[in-house]
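Structure, as structure tokens:
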Amino acid sequence: MTSAIFLAMLCLGMALPSPAPDPILDVEWQKWKIKYGKAYSLEEEGQKRAVWEDNMKKIKLHNGENGLGKHGFTMEMNAFGDMTLEEFRKVMIEIPVPTVKKGKSVQKRLSVNLPKFINWKKRGYVTPVQTQGRCNSCWAFSVTGAIEGQMFRKTGQLIPLSVQNLVDCSRPQGNWGCYLGNTYLALHYVMENGGLESEATYPYEEKDGSCRYSPENSTANITGFEFVPKNEDALMNAVASIGPISVAIDARHASFLFYKRGIYYEPNCSSCVVTHSMLLVGYGFTGRESDGRKYWLVKNSMGTQWGNKGYMKISRDKGNHCGIATYALYPRV
């Protein structure tokens, strides 16, 4: 094809033909579509198959290199296999990090006797992993998770709280529902509203809706919230002494999208820009402590088939890797 014809096709909005599919992957492609309920038009099929094959090649290349000791984690094909990185990054919008005035963040005296391992999930503070689906509601899952942990600490009862309540009702505070939200503004809503419903009375719908909060169904409330100073020592102190912490990371990478298990380290991660909210539920290390394979344990909201049953380990003490300590806060109840 000449360059002139190529340019003409672009100007006319014509799609270039997809590359021929690899017949060796036919069975795997069909199994993947069935597993994740994928169905395409004839036109879409070739395009999506090409994207899927490209992602599959990247995953196999990464895992091959991991077997040679180049990486510390594996990747796996999942429900996002038909997404290009460009499409994924359109969803991973940069989260504005509030400027915290002096005296507004918590700076407790750092303990020298912190536990070497913390896992609040094992202690009953964490509800099951959910799937945010088509709604960009990671911020709401992060906030409900942090409140659930503190309510369990206070009452001994672990009650799943309503993500949809936050999606529908925190617009007056500045959130944008399924388009974009901020954990700080979501906590402001709960505090100003005087309560938050449970998942049982206000279930998740994966879409924006009108606010239908009912005070009589309020299940949890907060008295305020605190920012954690932007360093990993303070974050370690907070998660050890307080419980699950709302955090955000830079998740704009294929390595994140197809993460499976191991300690995640992405050389291209930013320590300043964060795009995806998660729930920090612990920390630890693998092997011997002197080996330096330290990690943060975080809960995601992309379902149990993502990562290690919905969880991820992120490199700890590696220069605030992926911005794990850049935007951390927790509620007071």
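Yeah, the Cβs are placed from backbone N, Cα and C, and that goes for glycine too.
Between C322 and the candidates C269, C272, Swiss-Prot records the disulphide bond with C269. The disulfide bond recorded by Swiss-Prot for C169 reaches one of C135, C211, C272; that cysteine is C211. Of the cysteines C135, C272, only one is given by Swiss-Prot as the disulfide partner of C178: C135. Minimal Cβ crowding within 10 Å, among the recorded positions N217, N221, N268, N300, is found at N268. Taking the Cα of N221 (N-linked glycosylation site) as the reference point, the closest of the active-site residues C138, H276, N300 is C138. For N217 (N-linked glycosylation site), the nearest of the recorded positions by C-alpha distance turns out to be C135; the candidates were C135, C269, N300, C322. When the disulfide-bonded residues C135, C169, C211 are compared by the number of other C-beta atoms lying within 10 angstroms of their own C-beta, C211 comes out lowest. Highest Cβ count within 10 Å among the recorded positions C138, C269, C322: C322. Taking the Cβ of H276 (active site) as reference, residues of its chain lying under 8 Å away and at least six apart in sequence are, in sequence order, M92, I95, C138, A248, I249, D250, A251, F256.
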